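Noted in TrEMBL for the protein shown:
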type	residues	note
BINDING	Glu61	substrate binding site
BINDING	Arg136, Leu137, Gly138, Gln139, Gly140, Gly141, Gly142, Tyr143, Tyr144	ATP binding site
Amino acid sequence: MSDRAETKAQLRQRLRFRRASHVAAMAAWERGIVFAHPPSPLLELIAGRKVVAIHAAHGDEPDIARIGAALVDAGHRLAMPRLGESAGTMDFAAYEPGDALEPTRYGLAHPVADAPTLAPDAIVCPLIGFDRAMHRLGQGGGYYDRAFAAYPHAMRIGIGWSVQECDALPHEDHDMSLNAVLTEREWIVAS
Ligand SMILES: Nc1nc2c(c(=O)[nH]1)N(C=O)[C@@H](CNc1ccc(C(=O)N[C@@H](CCC(=O)O)C(=O)O)cc1)CN2
Ligand SMILES: Nc1ncnc2c1ncn2[C@@H]1O[C@H](COP(=O)(O)OP(=O)(O)OP(=O)(O)O)[C@@H](O)[C@H]1O
């Protein structure tokens, strides 16, 4: 493992712990009100972008199911990541709130094989860390990095808890920065 990769791995471990502590300390009422609606600047940013990719929350990730439903009400079509056969690859498949998902790797659930592939116009993605330069640190599989490269015109919006903010994340040439980040406290846009 290179020094840089090691630093990223250590950061991920620390940020996962911080995220777990944050979520564990939240009251039930608080969990019920966060990420309940897309803020209006998010809706404005993706206005006119038909297909929006969301994801099924895993572990301590924020649950954005209600944001997905609100996006449908606002006229968008949803897609969900579907992991591919080869490592680090995924496509996006049509998804409607309530559709059945099937279990896949990493304890995740993804759309069934016959759900049609959709090209996203905006990608709402999970993250392990972010910074104000709009760099994103993910799980380390390169799934979203490859998806961003495959759909370079799609708007990239990260979803995370405020405690996942870092001063300055290490970044590499393949990392494509985010256009915005939504936390339970703040809407942050690239300056
Ligand atoms: N909800 C959700 N869906 C997603 C992602 C994600 O981060 N969250 N992904 C983002 O890329 C892709 C899947 N990529 C992943 C890559 C690596 C691991 C992984 O190594 N998981 C560890 C456990 C991590 C932990 O300690 O919580 C493992 O399974 O050992 C998981 C997902 C696509 N779908
Ligand atoms: N566009 C790309 N094409 C091919 N390989 C890529 C691309 N982007 C990233 N990778 C590879 O994916 C691996 C993981 O990258 P990185 O550590 O940035 O993942 P991550 O963004 O944290 O993870 P994820 O996107 O799964 O949440 C690296 O080995 C990197 O070389």
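Glycine residues also receive a Cβ, built from the backbone N, Cα and C atoms like all the rest.
It should be emphasised that the depicted structure is a prediction, and the values quoted were computed from it without experimental measurement.
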Rounded distance in angstrom between the Cα atoms of Gly142 (ATP binding site) and the residue listed as 'substrate binding site': 18
Chain-internal residues, separated by at least six, CB under 8 A from Gly138 (ATP binding site): Cys125, Pro126, Leu127, Ile128, Tyr144, Asp145
Rounded Cα-Cα span from Gly140 (ATP binding site) to Glu61 (substrate binding site), Å: 15
In three-state DSSP terms, the structure that Glu61 (substrate binding site) belongs to: coil
Beyond the site residues Arg136, Leu137, Gly138, Gln139, Gly140, Gly141, Gly142, Tyr143, Tyr144: chain residues whose C-beta lies within 8 Å of the centroid, for ATP: Ile128, Asp145
